[in-house]
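Got a structure for you, written out below as structure tokens; questions coming shortly.
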Amino acid sequence: MSKLKVNKKMREALTGYALVLPWVIGFILFMAYPIYYSVFLSFHKVTISAEGIVTEYTKGDNYKYAFLSDPEFVEKLLLFIKSAVGMIPIIIVFSMLVALLINQPIKMKGLFRAIFFLPVVITSGEVVNELFSQGATAIPLVEKYGIIEIIKDNLSPAWSTPIIDLIQQLILILWFSGVQILIFLAGLQKVNKQVYEAASIDGASPWVSFWKVTLPAIKPFIAVNMIYTTVDLFTNSFSDVIELIKANMFNLTTGFGYATALAWIYFGVIFVFLLFILLLFRNNDEVTVRRKRRSA
Amino acid sequence: MEQIRKLQKSNLIGAYHYVKRILLGRQGNDGFVFKLFVYGLLISVGFVYLYPILYLVSQSFKSLQDLLDPTVLWLPQKLFLENFTQAWHVLDYMDTFWNSVMNSVLPAIGQTVSCAIVGYGLAKFRFPGKSIVFALMMITFIVPNQVVMIPLYLMFNEYHMLGSSLPFIVPTIFAQGIKGVLFILIYTQFFRTIPVSLEEAAQMDGAGFIRTFFTVILPISTPAIVVVMLFSTVWHWNETYLTSLYLGDSMTTLPLQLKTFNDSFARLYGGGQTVGGQHQNINESIRMAGTLLIVLPLLILYLFAQRRFVEVVDKTGITGE
């Protein structure tokens, strides 16, 4: 009997392995090996000759060059980081706001949801660039009221440039919130209605119950959305840095080796962002747990 | 007298409360003022959201006169379709459209099938090392394309796959490719909601794992299959960065054609005389018509399958079900 059970268990495990095997092979072929090879390349000077790929070990020269000598990379990376730091909170706050609005008892929920999700379906790098260059993505009113001039006058150019960029691309930024709105909506719908009733019986205004009930309840979704937004922002082809990496691939003096080094630095930045988000949200949880323990 | 005044006062108070209830509501979020505020905000944000598309549509119907005329803002004086015929030729629409379809539908089919199989394995079978698989999947999700793209480019180059759809199709056979992990998670989440008793019943009747999967699981998983198929198609369709790298000059997709739109236009219509400015010049309206033609297939798809698209988040299980 017990032998049969083991057999059944083993058969289950084996079937499971068989089903997941395609992914594992794919992972090795299209992820693990490329990752290994790209680490390798990033420490080499790569030239492509008639006989194939020639690599020449250069220690950390590629990385050194990226930070110390490359005229564009550091500048573009910093600019992109700055704009990402600006964009992530805007996207999160905006998508939460829209989700809260749609979650109200209103008619035509489906229509509004569909409108806010539309950009996810139709945006590709080229189309977005086109709309942007034709001025279709700037809110017309913003220019009229001279907001940009005010910012220009009051801030140093190091900060005013990214902020003005943000304003001029506001619609575009909002366009990146489609998925996030849906995630928040799903989160909001999971909040227990009775908690709101209890809060309002205790005399909490909608404003208070937002801060005390809604926000804590959807906190995990904020974390998910921040991670999603970061990955999305950094990997979509709208980033200048990504263009730079591609440009360096086919640049004769720098080549594949240097381009991979840039890609790794870029990945490092993403990783730091994600780590920061995780820390931000884990710390808070620990604080509340500690508080609870103290009061208990 | 005193009583009448009291009555009036209480009437007034009653009316005041009545009006207040209508305007502000009982619970603070069901009154008229609040509704007005919500709808106003939603409609104005919705307008801002749709602004680029409205702009695109309006602009693409404008003739040169309308374009230069500052009094014509949104509605062109007449429907000018010449922009579209020109853009159609510049884009070489039919050929490019089929390229785009090949480049997005074939990989989508690959992902729909392979991710379902992997998702089934993760959802329904217990085996040691599953958490490692999930962890590796997360890594795949955060590592940007740019890191692995160069080795992959060299690899595809070695197997002479560049310039065709193969660099997109081959990874999808192994449940990789654009956002493959997300699709696996969608399936995993969906399969988990299918009661075990259903499979057990099938197994009682003597069906093996494979047969159960094809005859019991897949037929009731249509919603998940549709969602994966749609998203995979759309994301492959919209991918331009990798596409331009892998396809090079030998093949082009609709979104990529936009990059070379000006040159193609000059080749078709512009050529020759630059003096005098009398020759057919490219203008924003033609470019906008081209852009509209490029997003049109997606808009139509969205129009019909909008409900399915919006379902995606509920199906990924981020909601914690």
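For all residues, glycine too, the Cβ spot is worked out from N, Cα and C.
A TrEMBL annotation is a machine prediction, not a hand-curated record.
As listed in TrEMBL for this protein:
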type	residues	note
TRANSMEM	B:36-57	transmembrane segment
DOMAIN	B:97-305	domain 'ABC transmembrane type-1'
TRANSMEM	B:101-122	transmembrane segment
TRANSMEM	B:134-156	transmembrane segment
TRANSMEM	B:168-188	transmembrane segment
TRANSMEM	B:209-237	transmembrane segment
TRANSMEM	B:286-305	transmembrane segment
Six or more residues out from either end of the transmembrane segment (B:134-156), which same-chain residues have a Cβ under 8 Å from its Cβ atoms?
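For the transmembrane segment (B:134-156), the nonlocal Cβ contacts are 122, 162, 166-167, 176, 180-182, 184-185, 241-242, 245-246.
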Counting only residues 6+ away from its ends, which parts of the chain sit with a Cβ under 8 Å from the transmembrane segment (B:209-237)?
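Distant contacts of the transmembrane segment (B:209-237): 100, 103-105, 107-109, 111-112, 115-117, 120, 168, 172, 177-179, 182-183, 186-187, 190-191, 194, 198-199, 202-203, 253-255, 297-298, 301, 305, 308-309, 311-312, 315.
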So what's near the transmembrane segment (B:36-57) in sequence-distant terms, Cβ-Cβ under 8 Å and 6+ beyond its ends?
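Those are 74, 288, 291-292, 295, in sequence order.
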